[in-house]
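So the structure is just underneath, and the comments pick up after that.
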Amino acid sequence: MVANWVLALTRQFDPFMFMMVMGVGISSNILYSFPYPARWLRICSYIMFAIACLIFIAVQALQILHLIVYIKEKSFREYFNDFFRNMKHNLFWGTYPMGLVTIINFLGALSKANTTKSPTNARNLMIFVYVLWWYDLAVCLVIAWGISFLIWHDYYPLEGIGNYPSYNIKMASENMKSVLLLDIIPLVVVASSCGTFTMSEIFFHAFNRNIQLITLVICALTWLHAIIFVFILIAIYFWSLYINKIPPMTQVFTLFLLLGPMGQGSFGVLLLTDNIKKYAGKYYPTDNITREQEILTIAVPWCFKILGMVSAMALLAMGYFFTVISVVSILSYYNKKEIENETGKVKRVYTFHKGFWGMTFPMGTMSLGNEELYVQYNQYVPLYAFRVLGTIYGGVCVCWSILCLLCTLHEYSKKMLHAARKSSLFSESGTEKTTVSPYNSIESVEESNSALDFTRLA
């Protein structure tokens with residue numbers, strides 16, 4: 001029974017599972033630094049962070065187990081083809097580094113909060129955070145560049161061309177979707193992550209000036225590269241919307257993915273430009289210098305700040321647009337019904353499926369972007385509206401993450417128990433003996449997939 005349950009669970013692994021870490025993790029970050037702070041919210045953030053860590057460890061272990069079993073049953077080449085060349089799976093590897101970044105950001109916040117209380121522990125934690133950040137950056141680059149190359153290299157003819165006259169037309173009709181952004185958004189996320197700690201006091205005590213400068217430069221290069229790449233893909237997706245129209249009901253929540261680079265990009269550029277100003281103020285003092293040097297020392301950092309503010313507001317403006325379009329698209333399916341072929345159940349747009357998770361992280365990034373704009377510039381110009389918007393986006397993100405988490409736990413517990421029972425009965429029948437494998441076409445396993453199918457989003 002236990003073996004059947006484990007094998008059934010192993011078969012359900014998909015890189016998309018790390019989306020749960022993203023949603024719960026960013027919720028913990030939002031609660032920790034909520035626009036209207038409260039002690040009980042800080043306590044809730046610790047709980048959400050613990051849940052995010054547990055999910056990350058569990059999914060990581062499941063991924064390793066899935067890899068071992070898959071290679072044992074088939075081969076590494078088939079694993080590579082299925083999970084790195086097949087666009088139903090490879091795009092979702094981007095959720096892994098983004099989920100890890102939410103954990104890194106929370107650990108960085110804890111390190112900064114304990115700078116005076118426990119300097120030694122805070123310093124050691126910051127070093128650990130910095131090492132994790134470099135690991136995450138490496139993973140982001142491998143995924144963004146590697147998966148993009150595999151997609152561009154050739155078509156992966158898993159299902160053939162179907163009713164299309166060529167692979168080109170099939171690609172244009174089926175795969176020009178917002179999920180293409182999932183492999184590039186991690187670059188935006190990891191670039192903004194280093195901005196949260198690079199110029200902090202504890203980072204200054206743990207590392208020298210050269211490390212800070214190198215980190216700032218790499219952060220800037222990563223952010224610029226990612227934003228350009230993102231807008232190229234968004235332009236392609238706009239073309240798809242004009243040609244193929246909005247996604248079908250089961251995929252409509254993927255529209256929210258467009259909010260991710262907008263909110264996180266604004267958050268990142270605000271932190272980056274503010275860190276440049278802090279760096280100049282710290283290492284280029286205005287004492288004993290000429291008037292021209294003093295003007296440059298003051299003007300150059302503020303030029304970056306102004307560019308950061310304008311860029312952030314432009315990205316947030318697009319984020320508001322995508323928010324409205326996404327909500328209206330969902331509402332347009334309110335009266336539509338679909339019947340599942342496998343179970344015959346009637347599905348509505350509000351029937352829970354894994355696509356619901358696609359709304360959590362993007363809403364959280366919009367909260368971070370709005371709140372950071374308020375924090376940095378409210379001292380010069382009243383910007384309370386952005387604080388309110390950050391609260392609204394953050395509240396939706398946290399509540400939606402909790403809803404998705406509870407519904408996911410319910411679906412998994414129900415379907416896994418069902419799959420294990422059916423597999424056990426099937427293998428013990430007197431007429432047919434079958435070795436229960438994660439890759440055998442057993443009826444019970446197929447039935448369990450109906451509500452847990454991640455590939456419908458790709």
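Backbone N, Cα and C atoms are what each Cβ position is placed from, and that goes for glycine too.
What Swiss-Prot lists as topological domain 'Cytoplasmic' is 1-11 (among others), and the listing cites sequence analysis.
If one looks beyond the transmembrane segment (12-32) by at least 6 residues along the same chain, the residues whose Cβ comes under 8 Å of a Cβ in the stretch are 41-42, 44-46, 48-49, 51-52, 55-56, 59, 62-63, 65-66, 83, 89-90, 92-93, 95-96, 98-103, 105-106, 109, 354, 357-358, 360-361, 364-365, 367-368, 394, 397-398, 400-402, 404-405, 408, 412, 416, 448-449, 452, 454-455, 457. Residues or ranges marked as transmembrane segment in Swiss-Prot (evidence: sequence analysis): 12-32 (among others).
What Swiss-Prot records for 33-48 (among others) is topological domain 'Extracellular'. For the topological domain 'Extracellular' (33-48), the model's average pLDDT works out to 95.
According to Swiss-Prot, the feature transmembrane segment maps to 49-69 (among others).
Taken from Swiss-Prot, the feature topological domain 'Cytoplasmic' covers 70-89 (among others), and the record attributes it to sequence analysis.
The transmembrane segment annotation in Swiss-Prot covers 90-110 (among others) and rests on sequence analysis.
Residues annotated as topological domain 'Extracellular' in Swiss-Prot: 111-135 (among others).
As annotated by Swiss-Prot, transmembrane segment applies to 136-156 (among others), with the evidence given as sequence analysis.
If you look up Swiss-Prot, you'll see 157-176 (among others) marked as topological domain 'Cytoplasmic'. Listed by sequence, the residues of this chain that lie at least six past the ends of the topological domain 'Cytoplasmic' (157-176) yet keep a Cβ under 8 A from its Cβ atoms are 86-87, 236-237, 239-240, 243-244, 458.
Within its own chain, the transmembrane segment (177-197) is flanked in space by residues 90-95, 97-98, 101, 104-105, 108-109, 111-112, 126, 129-130, 133, 136-137, 139-141, 143-144, 147-148, 203, 215, 218-220, 222-223, 225-227, 229-230, 233-234, 236-237, 240, 247, 251, 254-255, 257-258, 260-261, 264-265, 267-268, 270-272, 274-275, 365, 457-458, which lie at least six positions past its ends and keep a Cβ under 8 Å from the stretch. The feature transmembrane segment is assigned by Swiss-Prot to 177-197 (among others).
The topological domain 'Extracellular' annotation in Swiss-Prot covers 198-220 (among others), and the record cites sequence analysis as its basis. Below 8 angstroms of C-beta separation, residues 108, 111-112, 115, 119, 122-123, 126-127, 130, 137, 191, 268, 272, 274-276, 278-279, 282-283 of the same chain, each at least six residues beyond the ends of the topological domain 'Extracellular' (198-220), sit close to that stretch.
When Cβ-Cβ distances below 8 Å are used as the criterion, the transmembrane segment (221-241) is approached by residues 137, 144, 172, 176-178, 180-181, 184-185, 187-188, 190-192, 258, 261, 265, 268-269, 272 of the same chain, each at least six residues removed from its ends. Look at Swiss-Prot and you will find 221-241 (among others) tagged as transmembrane segment.
Annotated topological domain 'Cytoplasmic' per Swiss-Prot: 242-252 (among others), in sequence order, evidence recorded as sequence analysis. Secondary structure of the topological domain 'Cytoplasmic' (242-252), assigned with DSSP and counted as helix (H, G, I), strand (E, B) and coil, comes to 7 helix, 0 strand, 4 coil.
Feature annotation from Swiss-Prot assigns transmembrane segment to 253-275 (among others).
For the topological domain 'Extracellular' (276-309), the list of distant contacts is 199, 204, 209, 212-213, 216, 269-270, 373, 376-377: same-chain residues at least six beyond its ends, Cβ to Cβ under 8 Å. The topological domain 'Extracellular' annotation in Swiss-Prot covers 276-309 (among others).
Here Swiss-Prot flags 310-330 (among others) as transmembrane segment, drawing on sequence analysis.
Fewer than three CB pairs closer than 8 A are found between the transmembrane segment (136-156) and the transmembrane segment (253-275), and contact between the two stretches is not assigned (pairs 6 or more residues apart). Residues in the topological domain 'Extracellular' (198-220) partition by DSSP class (helix H, G, I; strand E, B; coil) as 18 helix, 0 strand, 5 coil. When the topological domain 'Extracellular' (111-135) is classified with DSSP, helix, strand and coil residues number 20 helix, 0 strand, 5 coil. Per-class residue totals from DSSP over the topological domain 'Cytoplasmic' (157-176), listed helix then strand then coil: 8 helix, 0 strand, 12 coil.
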